[in-house]
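Annotated in TrEMBL:
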COMPBIAS  529-543  compositional bias 'Polar residues'
COMPBIAS  553-563  compositional bias 'Basic and acidic residues'
COMPBIAS  584-612  compositional bias 'Polar residues'
REGION    529-644  region 'Disordered'
SITE      Trp317  site 'Electron transfer via tryptophanyl radical'
SITE      Trp370  site 'Electron transfer via tryptophanyl radical'
SITE      Trp393  site 'Electron transfer via tryptophanyl radical'
Amino acid sequence: MGSNKTIVWFRRDLRIEDNPALATAARDGCVFPVFIWCPQEEGQFYPGRVSRWWLKQSLAHFGQSLKSLGAELILIKTHSTLSALLDCINAVGATRVVFNHLYDPVSLVRDHNIKEKLLELGITVQSYNGDLLCEPWEIYDESGNAFVRFDSFWDKSLHMQMEPVSHLPPWRLLPAPGKFEKCSIEELGLEDETEKSSNSLLGRGWSPGWSNADKALTEFVEQHLIDYSKNRLKVGANSSSLLSPYLHFGELSIRKVFQCVRIKQLLWVKEENSIGKESVTLFLRSIGLREYSRYLCFNFPFTHERSLLSNLKYFPWDVNQGNFKAWRQGRTGYPLVDAGMRELWATGWIHNRIRVIVSSFAVKVLLLPWRWGMKYFWDTLLDADLESDILGWQYISGSLPDGHELQRLDSPEIQGSKFDPEGEYVRQWLPELARMPTEWIHHPWDAPLLVLKAAGVELGQNYPKPIIELDLARERLTGAIFKMWEMEASARASDSGGTNEVVVDNTVGTGNLAIPKVMLKEKAPCSTISSNDQKVPTIQNPKCNPAHKKRSKYIEEERPNRDKMHKGNGIKGTSRTDEDLCSTAESSATEKQATSRFSFSVPQYCSSSESQPLHEVESSDVRQPLQVQIDREHVSSKDVAAGT
């Protein structure tokens, strides 16, 4: 064992097993494990109540594990992560800092800035991949461009050589000597006194912690994976792996999950078990979507604020706070949507199928800005994951080349019959509809008065009437799309003086779409030369707007037909550089602006153009700009409380 003194900076990698940063530090000398909580740097990414509850439990569990190995996890609450790291370095005389990568825009900029400052002081900094199967800068097409279609990305990923897990858990840790003023887990302030009573219910259904994550993985693979393909059409909790919170907080290694499932795949292929093979394929695809979410955020770091394709730049959103409140509280009058939103509030978790349904309803039926919904998910989900939520909301909004068509509006009634055919899910979360016959459970507005009376349902009284008729919603959506096209055409005519307007059919390909090209900036060699170290993107052409979707047949036929928009996959992406280059890149003004303190506030008013900033709600409570308002709404809502 070496004589190095190493600071191991933990974030969302709270596990002992397959933790490359911890394994490296433990092998080379003394370790000083530290977790730094800096609410000011979280800004609008400050986690919601249930997410902070999970983090608190996970930290306690992880701290006990480290202590049993011989080292204590130092908890620090600070106003500056860099200052806290410098204090740790001075306290123990450390010569090296190691950590595992994060890929969201805020972390990329922060980590890069911290690395540069420490390097200037002569501190060695090394970082590792502890979160993905492959790094985002390792997967490009033959031309060196980033993939913008999931199937192409995942097919390339699956064909890449993946090394088996080699980071064995340390059997003991040698603590670095030194005195440091630490704080207790309660002093971190992850849980307010007013939140503890509500949070106590979470412990009945969830067990945070890396060793519990290992048990959850084993149970799923051995007992439930075989039925994954069959259960995907159900919306209850038992139809999912329930591994997402463990993966988000890094309590579970994605490499271990992948390898365990692949072993089952080989077994079922040998046994010619078609059901098992289909289940594995579908589950691996869900892993691929998680990988893809980080891939997109790395290569296109503006996607938390702007759509990848600028199809929504001129979309006339209906900035209606009343409708937004009804959606949040589960009072839209559409049972499947309302059940999902009430489950989200009560438990902090909903099935991915329900996430798609409720988000689609918000964007396409209510025409609410997609960023509002994404922010609400961030505030309320137990497994709130910025990259995954960005992918989901952009997919629903038609902002990805292989996403939902913008004009596609699915009926919650039909979806209810498909995914909750017996109405059990709706009855569980909408007790006011518990006595409704299955025939009418997903569309009570069509039920005869005698049926409603027998079930104790008074539409407009104890359960709301539909917030909007679907036929009208379809008309509004179609009208909004045409208005978006008109505004886009007007803007182009204005920019070109009305003389250069060119209408191009976009059915051939998307290679000419002007997505900003993100490069990996080359730097001179430094003390952290390593193929493991993090690379950071920088926008090559920040003045270039995201792709405008072009059309000719839409105007001629006067009807939406977005299927043809997405054929082709030649969109320019990122360019690779030598993997052995030092992992540094400039933090451009564009990136800093994209991670501004109030960039994620839910606005009081939103213009119809995505090119203009949203007017945001500023709260005196920086940590929870929206949560306090939501808490008040739900505390006074009897019907929502009944759902818990």
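We number each residue from 1, going along the chain as drawn.
Backbone N, Cα and C atoms are what each Cβ position is placed from, and that goes for glycine too.
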Let me know the most crowded of the recorded sites, choosing from Trp317, Trp370, Trp393 and counting other Cβ atoms within 10 Å. Trp393
What's the CA to CA span in angstrom from Trp393 (site 'Electron transfer via tryptophanyl radical') over to Trp370 (site 'Electron transfer via tryptophanyl radical')? 6
Rounded Cα separation (Å) that holds between Trp317 (site 'Electron transfer via tryptophanyl radical') and Trp370 (site 'Electron transfer via tryptophanyl radical'): 9
